[in-house]
Every structure is written in C-alpha cells, then in structure tokens.
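J.: According to TrEMBL, the record shows the following:
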| type | residues | note |
| --- | --- | --- |
| COMPBIAS | 1-20 | compositional bias 'Polar residues' |
| COMPBIAS | 21-30 | compositional bias 'Low complexity' |
| DOMAIN | 477-613 | domain 'DUF5801' |
| REGION | 1-35 | region 'Disordered' |
Amino acid sequence: MPLTLTPGSTVTLDETTGLQNPAATPTPAGDADDNDILATSLPTAFTTRLTAVGAGAPTKAALSGYNGSNSGTNAITLSGTGAFTGMAFTDANGAPLNGLDSGLNTADGEDIFLFTDTTNNNVVYGKTAAGVVVFAAYLEETGSPVTGAKIWMVQYEAMANPDAANPDDAVNLLNKVFVSVSQDTEFNLSDAPSGQNLFLMFTTANPTIVNGRISDVTIIATGKDPANESTGVSINTGDTINTSKAGGPTTFGTNSQMITEQEGIRFTFVTGARADVTIPNLDQNEADLESNIDFTGMFGARTADFDVVQLQSGKTAQVKVTAYSTAVESGNSFIDGYAGDTMVSITSVRVLDSVTGTALETFSNGAEGGLSSAIAISITDGVATITGVKAGYSIEYTTSADHNRVLVENGAALNASGNTHADFDIGGVRLLQVSSATAEVGSQMNFEDDGPSIALATPTDTAVVNTQDADTIGANTDSATTNFATAFGTTSSSYGADGAGTTNPVFALGVKTQGGDSGLKSDGATIYLYLVSGKVIGSTSGTEAGILATNTIFDLAVSASGSVTLQQFAEIDHALPGASSNYADQEATMADDLVTLSNTVTITDQDGDTASDFKLLDIGANIKFDDDGPSIVLA
C-alpha cells in the first residue's frame, strides 16, 4: 500500500496577549477555537533551531488540536506500508521551501517568504526580505512507528490581517506549505530464472500494472559488458547475469557466479516495464532475448544502496561504483545504448552494517568520516571506490543529479594478490527516498489578528534650533527650544475591533559615534559629541569620563513631547567672513547625520495588544550657532 498523508487538526495562533484556547477563553467563539499554548512547552528540537538561527525565544506559541488540557492532536496522519525516511515541510512538488512568497505580510507591509530549515526539515520559517523571522512552525512526528505529526507554531512579529472589522480575522498559508514523506523502494527477486542470463528485470513485491505494463519503478540488471544478442551472437560471448539463493535471499553474480576482479553488474532504473517479462513472470528463455528488455520510461534517483554478500572467506573486497544517466533505449537498442551513457558524479558514500544500519564509514564534502581504519572510501572524478568491504556491508551512495543507471564493479586489479581483493555477490538493491506522498497543510496553519496597528510617515526636515555666540560672552549662556514633534506624522493607525486604548510617542536623541568629532571648534579646541543620560553633550574633552561643566560647549535635550532644547555655554569658532560683515547671519552647524532624533510610537488597544513603529530623523544640520563679531563707532 503506498504512503498516504491525510490532513487532520488545525492550529490557530492568536496574536492577543495571553492564552486563547477552549479552556482559557471559552467565549467568545472567535477565541474558543484558538490553540495557544505556553511557549515554555515547545519541543527542544524546535527551540534549538530557533536559537540557532537567531530568532530568539518566542512569546506566542500554538499547537494543533490543543484545547488547554490535552497534549494536542495530529495535523497530519500517515498511512501505508514499509519504512519511510521522515516528514518534511516542502512546496507542492515535495522540494524544500526556499524563498517562496507566502502571500502574507507583516503589519508594516513587509513581504514574508518561506524557507525550510536546511538542518532540520521539520521546521519552516517565515522571514522578511532582510532575514528577520516573523513566524516558524515545527512538525512533531508522533507514533512508533510514525503515524502522523502535530504542528507547533510560534510568532515573533505582528502580521497584516485584511479584515479590519473582524477582531479575530485569520490568515493562513493555503497552497503555500505542504508536508511530504518519502519511502525507500525495495525490489523482489523471488522466482528469478536460474542459470546464466542476458538480463533480469525485477520490480516491487506488489506492483501496479496498467495495460500490461508496470507503473512502479523496475530495475534491469545485466553483466558489465553483455553480448549484443540482437545482432545474432550468443549471450555467452559477453558477460551474463545470474542469481543465487544459497539458502537465503536472492543475490546477483556474473559469469562464474561471484563478481571477480574487473567484472561488474549494470543496474538500470526504468518505468513502464512489460509485466509478462518481469520477475516472477520472466523465464530463462525470455531472459536471453534483448527484445524482451521492454519498457517505456526512465526513473531518476539521487540515492541508492546495495548489499555486499557471499565474500570469499577471510578476505575483503574492493567495490567501485559509477553512476550514469541515459535516454530511453528499449528492446534491441538496450545493449547498444551502454556506449552513449553520460556519467553522473557521486558526491557521498556511506558504508553501513546491513543488519543494524550502523554507519561504519562515510565520505562527504571531499573527506572521510574517520570512523574506521579498515574501510577506505575515495571519490575520484565522480567515481567512488570502497576498500575493506566485508560480507554484510551495505553501500549507500548519493549523486549530484538524478541518475538512472549504476555500474557496480569488483575494483581490484586483475593481478591483485593478498586478502584485499575478494570476489563477491550483490543483493538487496534499493532506491532511497523515491516513493513519496505530499499533502497541503498551509490552510490548517492560521494566524489570528486581535491588535492595533500603526505606521509612521517619513519625518519632515524643517525644524531648526538656533543659539548665538553673542549671548555667551563671559558667564552668560544662551538657550533655545523648538518643537520637533511636528516633524513626525502618522500614515495610518488603528486600535482594531478591541477598542481604543492609548498612543504613546517616545522621543530620543542619538549620536552617530560616541565621542565623535562634531566638526566644530571652540577657541581652537575640537568639540566632541557624547550621548549621556539621553542628552547630547558637545565637549572639548577627548573622553566621556573627562566631561566637565568647564569644557562643555553646548548640550541638547528632548522633552517627552518632542521639544528639543539647545543650550550654548561658550562661543563656537566661525570662519572669517571679512570686515563689516553681518556676523549674526553667519551660522556654524554639523553634518546632518552626526545627531539624530528618533520617535517610537506605541499604540495599545483596550485588551492590551500593542504595536509600534519607529522613525529616525537626522538633525545635525538643524542645530545652528550664530556668530558674533567686533564693533566700533568713531566719535
């Protein structure tokens, strides 16, 4: 029975502060159908990935089917037979999500894009273009063996919900997020014809047959260099393929039964094979005719494995693996087609214990795993060679692209000596992660609104605050105040359906660089800028610790209402304008970005939900210091 994924419970995360679920908020109905759960309940596998990608600790979480007292229920149910390789968040084609536009936006209008976690494909992220995580979800596989999965969700940033009239307006990921599951394909060699044959064609134990052809993937096995039987030559003039049971599972050999030095077997992955010439229906006479190698399509795979069996006692083997891609060359064209194959590079290899599945040695990213001193793996020009192989080992390989043919050889030299060149048989050929099922789950992942929104306008740059050197003679100081709050405006704001609360602006000054050069001087001394307790201080001290009243030339402060006050305590040096100039019209100022004024506005609705926006205005050039000069009147 093929794998099937069936959707189950939904998961709804409500943005409102506090938990909303049937137990915590039995009314109204719009809150009773939510699945909020404490963020401290999140699975460790999920929080570990959130921390690793820099998302931090979420404050809001939800679990599929959670009602406030249970442990949640499955959002997806798996049925079918055979082992599978795990669930994953994918797109509609079963591929990892990699920047797909979710169709959703943050509250301030940023698009949200979907990414499957490259380390744990049970995790999917919704991120802005800048890489900020807005939400994430996790598949918690359930059952032993796995029969389904729950979905956990977390949210970090408010999202846009289009229906402003609905306090529980929900958005979801319909047709954007899918769950996929893959299954390894195993093949049945029972009742294979005995003796030496030109080919063997075999498929799964219970294949689907339509109009006499097999829909499932089928494998064709021949010797390394078989006779081109369709030209009239005997099959014994080339390499043959044979099988053996020897009291156990059926295995492959060639010519003299075991695969000797430089001999090998070619395995080709096809679809649409004729059922009447495929094992168990294939007889020995049919297996000697090239015309019976009858199929309609090729099947591409990235990963496969095979078992090494029946080694010569006391020896180890050298196994060479080469992957290929070929076009459909059926019937009497099959053997001729070997000459035109395109090699596909093998990128990684694992040697496993075929009984326990334990990794004995690995090779990936150009290096061995160092698990065994007795097994060596190398990949040269895309061809893998494994030495130190014993009976009971399984060799798994992965290719850089889909391949549909593989040649497995005894890689030892013809004149090899010693105990490292054993003959061997092959058994248990499998294609990995090739049978899959995919189900849409995005429509089950809901994000409910229940909060305000605000968007600030780009600030205007017209306000100016101005003092005069003339008023700082001796112990005198000058002071001026200008309302900069008018520079900031609001594009849009809404308390939402929960009702009005409060809107609170917070103004703050800043400097580009703590202790940076202001570009101004006083009596020849450089004035440096410091932010101290929210106030900008212009001082001739080269360090913050050295600031004194006697070396402070000016300071800036901002009130809660956005009024900026400039106090000048000593003169500012100005360029020489020439005699009899209007000195008060000559102004010294700073580069605009050296001093900033920010406005953060937080809007809070009636039930405590908040939203904020932030704008920054450069005001260095808006701070002006008028010159003073000498005067004389002759009698």
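Note that Cβ sites are derived from N, Cα and C of the backbone, with glycine treated the same way.
Walk me through the surroundings of each of these features.
T.: Long-range contacts of the compositional bias 'Low complexity' (21-30) within the same chain, counting only residues at least 6 positions beyond its ends with a Cβ under 8 Å from a Cβ of the stretch, are 36-37, 66-69, 166-168, 448.
The average pLDDT computed for the domain 'DUF5801' (477-613) is 89.
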J.: For the compositional bias 'Low complexity' (21-30), jot down how many residues DSSP puts in helix, in strand and in coil.
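T.: The compositional bias 'Low complexity' (21-30) comes out at 2 helix, 0 strand, 8 coil.
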